[in-house]
Structure formats: C-alpha cells, structure tokens
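Swiss-Prot has this to say about the protein:
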ACT_SITE  T297  active site
BINDING   E253, T297, D471, H472  Mn(2+) binding site
COMPBIAS  631-649  compositional bias 'Basic and acidic residues'
REGION    622-649  region 'Disordered'
TOPO_DOM  1-9  topological domain 'Cytoplasmic'
TOPO_DOM  31-42  topological domain 'Extracellular'
TOPO_DOM  64-69  topological domain 'Cytoplasmic'
TOPO_DOM  91-118  topological domain 'Extracellular'
TOPO_DOM  140-151  topological domain 'Cytoplasmic'
TOPO_DOM  173-649  topological domain 'Extracellular'
TRANSMEM  10-30  transmembrane segment
TRANSMEM  43-63  transmembrane segment
TRANSMEM  70-90  transmembrane segment
TRANSMEM  119-139  transmembrane segment
TRANSMEM  152-172  transmembrane segment
Amino acid sequence: MKTFIKERGLAFFLIAVVLLWIKTYVGYVLNFNLGIDNTIQKILLFVNPLSSSLFFLGFGLLFKKKLQQTAIIVIHFLMSFLLYANIVYYRFFNDFITIPVIMQAKTNGGQLGDSAFSLMRPTDAFYFIDTIILIILAIKVNKPAETSSKKSFRIIFASSILVFLINLAVAESDRPELLTRSFDRNYLVKYLGTYNFTIYDAVQNIKSNSQRALADSSDVTEVENYMKANYDVPNNVYFGKAEGKNVIYVSLESLQSFIIDYKIDGKEVTPFLNKLAHDNETFYFDNFFHQTGQGKTSDAEFMMENSLYPLAQGSVFVNKAQNTLQSVPAILKSKNYTSATFHGNTQTFWNRNEMYKAEGIDKFFDSAYYDMNEENTKNYGMKDKPFFKESMPLLESLPQPFYTKFITLSNHFPFGMDEGDTDFPAGDFGDSVVDNYFQSAHYLDQSIEQFFNDLKKDGLYDKSIIVMYGDHYGISENHNKAMAKVLGKDEITDYDNAQLQRVPLFIHAAGVKGEKVHKYAGDVDVAPTILHLLGVDTKDYLMSGSDILSKEHREVIPFRNGDFISPKYTKISGKYYDTKTGKELDESEVDKSEDSLVKKELEMSDKIINGDLLRFYEPKGFKKVNPSDYDYTKHDEDSSETSKDNEDK
C-alpha cells in the first residue's frame, strides 16, 4: 500500500479524503440530532462519509498533472459547502437540503439573507479551514500524482463502491427497507450521510418528475375509490351555517398554540386571540397540528386550499405549479365568489404568481400595491399593522361574496422588532430567538385586533367567516433548552416536540354558534370543513382531509415524514408514545393500523400530485381552471379605481 501511494503520488489525495471524512463526522455530531440509538448506528455515522469522500474526490485524479490538485481542492470545497449549507439549514428547519429546496432558491433566495446570516456562527470557519490547509500544501509541496491516473481512479472508485455497499448492507440490517419506505431524511442521513443522501434525493426527484409523463386516466381510479370511501358525511348541525358569507383566511406566521393564554410578567402575550378562542361565535381547535414539509408557509397554503399533503421533498408551489388543481377558490366560482390574495411581498416569492393561477385565484395584491417604505417593512416584507391597514381599500373594492387570504409576515424568525413597534416585554429565557418571539407574537395579535375592528367599521365583519391558522412552528428544536423553561419542564423530549407542532385554528363567523373543539385535526382537514360550512358538499372532490365538525372525522394526523399523532398514539422519530401520558411504548404494544392509514394517505396524495392526476378528473359542476385566464400584473387603473371607490365611500 505504501508503495502504491508513493509511486502514484496519492498522498495529497488521501490527506484530502481524511480531512473531509473527519470534518464531516464532527459536523454530524455537533449539529445534527439524528437519534443515534445503538453501537451499529454510531459506527455507521462515523464510516458513511468515507465512501462519498473517496468517490467524489477521486474524480480529481482524472485531471492532468497540473490541474489535479486544483480539481481535488475545488471538489473538496464544494463538498464542504454542501455540508455547511446543510448545517445552517438544519439549525432552523431540523431538516436537510433537497434538490427541490435548491430550486426554491430561485424564488426565495434573495430574501432569506437576514435569516440565514443569523444562523451562522464565528466557529463555522472550522468547516473551511481544511480547504485552506490543502491550498497551502498544494503551493508548498506541489507534487501531484502521476500524469496517467486512470488506474488509480478505478481502484479508488471500486473502493468507494465497496465501502458504500458494506455501509448499506449494515444499515439495511438495522433499518430494513431503508431506501424504499423511509419518508424521514434523518434516517437517510444517519445511515448513509449527507453526500450519499444528496445522490439519493436527486434520483428520487427524477423519479417523481417522471411520474407525470407516465400517468394516464386509469391511474386516478384507485385514488378516487380510496378517497370516496373515506368521505365524511357533513354534520347537519353545521352544514350550510355560513352559506353565502365572504371568506377571509389569515395566515398567522409562525404562531404556535402554546402562546394562547400564555403570560409574560403577568401580561397576556396574545390578549385578542385569547378572547377570540373563548368567544361563543368561534370554533377554536386546540388539537390542531400543522403538517407542513419543506415548503413551510406555501405548504400550509396548499393544504388549506387543496386538501392534499405537501411533497416529501421541496414545495408544491415551486415544483408543481403546472398541475391541474381543484382548489377551494376554484370550487367557489360556481357560487359566484371572487377570490384574492393579499401579501406584502413580491409575487415571485414561493412562486405564488404561477401557483395562484393554477388555483384559479382572480387577484393577487402583492407588494406593488403597498407603500413599501423603510418604516413599513422588515425582513420578509411589510409589517402586519400597515399591511392590514393598506389592504382594507383593496378588500372593499372586491365584489361580494369574496374568498380572500391574508398572509402575515412580522412574526417570522428571528422575531426581532423595530423600536417603537411594540412596548411588550421580551421573554427572559436565555435565548434571544425565544425571548423575541413573545414580542413579535404580541405585535401580530394587535394587528389582528386592528383588522377585526376595521372589518366591523366597514360592515364586512357580519358578512364574513374568518379562518385564522398558524402556518407552521416558529421555534425549532434547536431552542429546546429555552423552551423547556417556557413550558416549565426539565427538558423537551421527542414526545414534547411532537406536541409543540400544535398551531391555533380559529373559525369565526358572526351569528354562528361556535365551541372549543378538542378533536385532533391538521391542515388538510380545513378545506372540507369550510366548504361544508358554506353549504358545498365535497363528496365529488378528491380530498385527503376530513371535515373536523363531522361526526365521522378521522383523528389520525399524518406528518410528511411518515410520523403521526392521534388521540391514542404519537409516533415521532420512529418511536411510539402514548399520546395521553407521553410514555414510550414498545412496538409490540402498538396497533399498527394507524401506521398503515398514514402510509396510505400520503401515498394517495403523492399519486395525485406527482402524476398530476386531477387533469383526468372533473367533478360535476366544476369548471377546470385555465391558468392563462389570469394576469396579476398591476396596471395604473387598479390604483385609480381603488382610490375612486374610497372617495365614493
């Protein structure tokens, strides 16, 4: 071996391999919570970077003598960058970067700078120091391998494949069917590593994209039979109770349920929302869970309006905007509803300008319609108070009945508020992100109260059903130490993390008697619930969700990674808990019927989305959406007409 290395000048290459290998392992241990349970998993975590280090750096050996070391350094840097990008991404999302997420950067990347920067640390220089060491070695030693290195490459390539196959075989013995049944990226990284996961993800992405081309009308039959068999008959007490009313959705950015009725220094953080939760004209759902994947806010929007699950990788908004959809706004067109979305950000963020056309949304009031001055904006766009204030004339200009959606932004990570925007005290839990969360949540609460008052003033309150929901978690698992203090616990366990995925859901309609609803439900359940309240039966539509107010409502809530929660079981990170007690259960104690249901639910939804199957299915009375009918370009007359309407009033 020594002779082989010396003769072929492979010392530089092997140094690069060892540096990348060890650095990657250190990165795993310091940054990722992968749930290592046994010695086999510990060994695999250490070994799995080796095969990919050999494989990718080995391509540098194919270059000619003068370029060889340069190629190895460039590949080493790119792999280091991929590792570091995953580390930064994981610090907030507790997830790993996928190919679709990289594609999302085209629409979102330019506006994510502040959030990404806040996640970086001075010690992160560690992940690039070894690249600098390699550059110095190349300059000082400058002794690349021999000119003809194809034989060396073949040996290195074969070695990397052998290491990978051994790695995979051991992983499969510990986690059978790892590559075929795992929705959870944590498992894939734990057993195979970030670099091998990226290859796996690329293959899955190609496979997903090919499903549309191969699909035909016969594929929709299985899905139709399954979803119609699981249709929930509406509750006669509530069906049609809000018929003819305007619909106003409000996305409550990053709001989690623990904040409701929570106090800081004796002061309620969200006094208006607290009051609303206990109002007799509000349906407040205290066991409602977000089910978002990597698309976060856009996933929540998609589920609310289409009652289908998000993608396993990436955002439906970004990757499937060409699909045929049967969204709530499109369904309500048969009832003469006009639809509009209000958002104090650019049209292209999350590819909304294209997705809304597929959903049949008539108007999109984006940042072009608002006064986006420095005082009114922060981070992702317009602050909530000026956003709602400036939205009112636009809302009043719409013909009624209308279906509208307002997307708030101020309560967004890292939750800092400008001076003068709030006098509410920050928390004192030793974590700036958690501490600031209470201030921005209070600001959001004040903006919602202002919005309700404006609706009453303009006569729209009594004519509308108002649906408000937390779009996704705000505080990630990286802040569990502070969150334990917030909740008065010694520590936050995996079970606790699952419970913290609760987000508030309010359905408020003046004149309609509400109640506190304890049923377990998720994002996909909202569309059928609202449509039934409006008097629209969903039996002919293909929806994953279940009317929460129905007596037949299903209370098993799938998460995108295959975990789930129900009144009986909580499955998180592959472990089962008793939902009522939090006690961990042995798999032998668990009725796996809920597991099977979750797998089937995700499978059916994925078939619809990846195969674009709704193009083959048209319910009676539904007019298929033609995206080319919609144009969200702001014209001068839009502003002048709104101004004229306000003057007339």
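Glycine is treated like the rest: Cβ placed from N, Cα and C.
Using a 10 Å Cβ-Cβ cutoff, D471 (Mn(2+) binding site) registers 25 neighbours. Contact check: the transmembrane segment (70-90) against the transmembrane segment (152-172) gives fewer than three Cβ pairs closer than 8 Å, residues 6 or more apart, which falls short of the contact criterion. The residues near the Mn(2+) site, meaning same-chain residues not in E253, T297, D471, H472 whose C-beta sits within 8 angstroms of the mean position of the site's C-beta atoms, are S251, L252, S254, H290, T292, K296, A300, G470, in sequence order. Other C-beta atoms found within 10 angstroms of the C-beta of T297 (active site) number 24, with every protein chain shown included.
For the topological domain 'Extracellular' (31-42), the DSSP counts in helix, strand and coil order read 5 helix, 0 strand, 7 coil.
Per DSSP, the topological domain 'Cytoplasmic' (64-69) is made up of 5 helix, 0 strand, 1 coil.
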